[in-house]
Amino acid sequence: MAQSNWEADKMLDVYIYDYLVKKKLHNTAKSFMTEGKVSPDPVAIDAPGGFLFEWWSVFWDIFIARTNEKHSEAAAAYIEAQQGKAKEQQMQIQQLQMMRQAQMQRRDPNHPSLGGPMNAIGSEGMIGQSNASALAAKMYEERMKQPNPMNSETSQPHLDARMALLKSATNHHGQIVQGNHQGGVSAALQQIQSRTQQPTEIKTEVNLGTSPRQLPVDPSTVYGQGILQSKPGMGSAGLNPGVSGLPLKGWPLTGIEQMRPGLGGPQVQKSFLQNQSQFQLSPQQQQHQMLAQVQAQGNMTNSPMYGGDMDPRRFTGLPRGNLNPKDGQQNANDGSIGSPMQSSSSKHISMPPVQQSSSQQQDHLLSQQSQQNNRKRKGPSSSGPANSTGTGNTVGPSNSQPSTPSTHTPVDGVAIAGNMHHVNSMPKGPMMYGSDGIGGLASSANQLLQDDMDQFGDVGALEDNVESFLSQDDGDGGSLFGTLKRNSSVHTETSKPFSFNEVSCIRKSASKVICCSFSYDGKLLASAGHDKKVFIWNMETLQVESTPEEHAHIITDVRFRPNSTQLATSSFDKTIKIWDASDPGYFLRTISGHAAPVMSIDFHPKKTELLCSCDSNNDIRFWDINASCVRAVKGASTQVRFQPRTGQFLAAASENTVSIFDIENNNKRVNIFKGHSSNVHSVCWSPNGELVASVSEDAVKLWSLSSGDCIHELSNSGNKFHSVVFHPSYPDLLVIGGYQAIELWNTMENKCMTVAGHECVISALAQSPSTGVVASASHDKSVKIWK
């Protein structure tokens, strides 16, 4: 229609008329056009069902998703995608702000602001000229008064003085405050450059080969991969003008070190790469931190490890730059690119607080800041009873011994900020507290010499300090998961409160779901049951494909082949079928030979051609999936599961016992776990393969493979148990499926919590160590994802 007819008050009439026409309601459309005086000009609306229909569909999906997310998974995914885009855009804006601040500092080197924007990701604003920054500025000015000649025949005392200057400038501003210290470090370095008359051109952008869209979307993590921002390097005496120690487009400059003729030792130029996403401190805490550093600096002035007495030979263990024989320029890279913590070549940064009395006051400040951060950061915490996010119900600590049944109270939802020591959330090894707070983790390229480390004593005490610093509570043991530790072999993300929440609900089955299984990379989830076909879910897009109903009866178990998209299904029709998830339209082969319904299957973790199955007649068969049955034994009628990683042992459930078979020793039965008073429904292995959990209606038992004893037991309190699996991130936590509810059992403290799960029996549980999620399948025809 003509442009003049597109007034705001006419738009709705135009859309309604277009909708009626495309719905072929021509008489109604004609009447509406006449009465509403709608323009007869053609409407340029590119929507097959009419713009009104398109608009209403999107509106309704979003509306119903916000009121009841179970009604529209597509809308919920749309909202989640929009939130992700918003976070991504925010990260780009923050990166832009930091780059702009760096440019402003380079344009105005005559007015450095040592108390400048030391803000977290540039969002906290200026913190002002505090007492700490004034003290730091004064000490910096005193050091700048020292002579620093430019000739190449510099004497050894002058070299020592330059190294002291390097260390003081590095450590005065080497705070653990999150963010890139644009004001402090950049201005200080530019002041050095102006006094030595060595303008250094630094590229603002340090590109690590990834686009801004690949930056982390959660800036609140304590140790996320941060945005690396370039800092002007220190122009050491003897370096040619314009030389930068920064990497070129993110790639480290090659080569090792250079020695200027006449110098008593190597000259080291560091590129200051800060991790944006380190410990978060408020502006007031930043001031306390800075003041503590200045005081600690004053106490350590006479230390042989600090200041002008620094032996230049201590730099020999550091990564070296490249010697250019043409102009003698040095390109040094400290190997800290991509490192999760700030690296430093200063030796004193590795001093543990337990050995240095001068940093006791700062440790006190750090402990206070840690407590303040925990109070701000964590959700509902519990030093005694555990709180839930959904209701006011609480669970108190259990006084029962680990070998006795524990009692528990249902709680709707879990978000416990207990004393969760995440074992490897901070790397262990030569990482220690220094007088500047948290020291850097020396990489393999710049580890300190072993003899320098000997004086620091046992590192074990330090690791305790790190864990207590990262803990979310006082560690009094009163919280539900007070001593729960994260699986160090899989998860290295930051310490955060434990939570177990439903993140997705999948409803595609028309009948009961009996089994589910993750692929080894966690990207696919297969579920099956009374539908006699397998539903295969893409965990990234939640798109689903299904196999045809090739089985004649219900499917009892489904398992993925290790490191493959192939999977196997067992059925009441006495057969096993092999499928490929990448092309599920038809099965690859059928394995026959059982004389009774096949109840369970499992692939060997290493010998991926080997498949084990059991039937209701207590027969266990081992198959070569490309050939036939290779051997058979008696001993399982419910479930079979190989020991993870090695596959040396097989756990087999039959009636009320669990048998352990040694696969590498002619399938010899090496142990029988007895103790259940009713039939065992499910078994699972701990991640390290040293424990076996078995579940029956009345109890869950945890068995030691080495001793054969039941070391922990949980009796039900009215909720009949049916399935069990170890939590993928916390190896001491068992996830138990019962009737409608999921039990979370901390085996170390023998405490339990109940989470509302499904509307019927939770028939199976699966977990993915790769993604840290748990899947639950139920007779209510749904599969839920938990994390």
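Note that Cβ sites are derived from N, Cα and C of the backbone, with glycine treated the same way.
Matching 17-46, 77-106, 437-466, 647-676 against Swiss-Prot, the residues noted as coiled coil span 77-106. Outside the repeat 'WD 3' (593-633), and at least 6 residues removed from its termini, the chain residues within Cβ reach (under 8 Å) are 553, 556-557, 559-564, 568-576, 578, 639-647, 650, 652, 654, 661, 663, 667, 669.
Here the repeat 'WD 7' (757-787) does not touch the repeat 'WD 2' (550-589). Their Cβ atoms form fewer than 3 pairs under 8 Å, with each pair 6 or more residues apart. Break the repeat 'WD 1' (508-547) down by DSSP state and the numbers are 0 helix, 20 strand, 20 coil.
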